[in-house]
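K.L.:
Annotation source TrEMBL lists domain 'ABC transmembrane type-1' at A:97-327. As annotated by TrEMBL, transmembrane segment applies to A:103-124, A:136-159, A:204-223, A:262-284, A:304-330.
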């Protein structure tokens, strides 16, 4: 397994280089001028300003030259400077990414834990009212538009009932914790600031539920179907013949077999969850990487676009690797 | 209660009904059966006769759509049907053990085999974790698994079929139950392994004083291993009595047919005449070899595993050549090379004058027309979304034989040839029985009027009565169409019935060749003798 992991890690730079190259040329193929966002629309008429900016940002060089400069910088860990924020892309990303990761992680925990539990409960009550109710929830969860659910939850739990926190990562007039990981819940715990932790957590709940819903629906339906299938397998009957009660059989033999295919689906979803965060981030004014990506592409901020693609690539590759390893740990037949 | 005078198990007038989409089906009809303490009773019948349902009913493990409609099951003085689910759980595994049929699917692939044994102790609270582990290792040792302590932590896929079956026996006997239900405990295994495992099973149950209900389709095996034989047909018990008596003078018509159809080493051959030496062979395989790359160790150093090692044989026109051997002997790999489904690592195969190993393009396609396969599993060999007619027609379409209308006529003719009504063309595989599906597979193989049909365990999955029909069909087709067969099987009795020439394979090599008479009456090689000795003969 170590061998396999090292091999996969070793090939990663190559894949990332491919991703960066495609992202670079694809974004530059748009026949539009990024100068508007660099110098502002008002200065576009000022030839001196434009010439200075063109030279300052290296836009006077050929595309290929720009590419090699970018790759050369990348090798030193320099992702370039954002046209729009005028900040290094690396620091932009490192301030934005943790917010999205925190959100996605919570969403993932909700979807997986709740999904497996509810899926097993639905299967155990196959054909009864509870099963029907859970299946309806799963269907609604994975088919309702995210923006609509987000607005609905905000309206009911924040505006009407006032039991959930509103948009934003923290309440107003609350200062963020010192930056360790960039995830407020983790950082606040690290400094032992529990009121801050509970404030950050309460702000996480609604957006992470919204983000989790589509995946939750998928997990519930998959686990339910898998449990039902495994329940009719031969080894389950053998386990019953040993004298196990139905719930003992489910807990010890069925669930583990039922969740193996779910691992694959969840693994693929992690990347999508993070890269698809833009809708949730916009509605909950969550200053994450999703909104950053949208702003970057709107203003043709090439370094930022390529940077986001690079981060997305890393996330996809790492989550796929983790999926494979998790699969091998659970299923002894899989040898990496 | 006095166990000496009372039977351990008493089943009275038991009926079981399954609710299906086509209405209720009565799987067991007022069956009565008793098992004395320590006795071995064999429950014999074809698939679908209700024998497994009967044992599931007594263990209260019927599938969800099945229920007992009448009768009683009394075990050691207790009415099992009246117990609550929780009480029944206390009896299963502890007083009634089960050894299921298929060692491949009856173990949880994600748990170590040791855990699957030791949990029998922990769920019945007869031992704590450490003690359960110790006892599980002891059991592994007892059922004949060497190096038991290391095997404890291994997973099912790391064990051979025979080893897994031993693990299942260990599970069944873990709590020294008073009754053990052994449902076809060895039908998935090679004959030599089967003999060893059955010997171990008998000595273990004898030493524990455990009574055994052995479910089997093999009459000879039943007679050899059981005190008492019970024959079931269509859900009803048609005959029962002491083993020797039932086999020697069966009273029931069905039992008689079953005994007559069962191939044994004394069954008459269906084919006549020795191999004609003068005719040129249709197929000639010379020093056929197949290597597989293997990887082992952390560095993954490459090695090779030789599955087939310099195998040579000829198939004369219009004759049947058999290859027998146990699983892993390389017989199926040989068949796949003859079919060109797999490339030979070395050696030549000549089909007429063509070197099969070097065929490509049009010539390969024409070769594929003349050589057709029939595989073992009639359930997996047909596409469940294709009608029978489409399945048989497909090779005709692929090779563009005749006009579409002619192809339709040909399908009808082929169905008639394998004794199926032409109306079957519009049916789907799930509507057919195993025997009927195998007929379809044969009809499909015949569609292109091949010269050679490669039959890889083609009758192994079938019940004896159906098997006898298919064998007769094959012999009849050979006589009428002049077909040549390469017949691969692990079943020596069947091979004896149908083959003109037999090759015995072991570990990739042909160890003995000859006519059926030579092989069966005067075996030369030690391995052939072991194989013959392991076949149940019906004599206890």
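Just so it is clear, glycine is given a Cβ too, placed from its N, Cα and C backbone atoms.
Nobody curates TrEMBL annotations by hand; they come from automatic prediction.
Situate these features within the shown structure.
P.N.:
Through the fold, the transmembrane segment (A:103-124) approaches residues 130-131, 134-135, 137-138, 183, 204, 207-209, 211-212, 215-216, 218-224, 226-228, 231, 247, 250, 255, 258-259, 262, 266, 269-270, 273-274, 277, 280-281, 286, 288 of its own chain, all at least 6 residues removed from its boundaries and within a Cβ separation under 8 Å.
Within the same chain, residues 102-104, 106-108, 110-112, 114-116, 118-120, 122-123, 134-135, 137-144, 146, 149-150, 153-154, 157-158, 164-165, 169, 185, 258-259, 261-262, 265-266, 269, 273, 277, 280-281, 283-284, 286 sit at least 6 positions outside the transmembrane segment (A:204-223) and bring their C-beta atoms closer than 8 Å to a C-beta of that stretch.
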K.L.:
Where else in the chain does the transmembrane segment (A:136-159) make close Cβ contacts, counting only residues six or more beyond its ends and a cut-off under 8 Å?
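P.N.:
Distant contacts of the transmembrane segment (A:136-159): 118, 122, 165-167, 206-207, 209-211, 213-218, 220-221, 224, 279-280, 283-284.
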K.L.:
Against which stretches of its own chain does the transmembrane segment (A:304-330) lie, if we need a Cβ under 8 Å and a gap of at least six residues from its ends?
P.N.:
1, 4-5, 8-9, 12, 15-16, 19-20, 22-24, 27, 70, 79-80, 82-85, 89-90, 92-93, 97, 256, 259-260, 263-264, 266-268, 270-271, 274-275, 289, 292-293, 295-297, 336
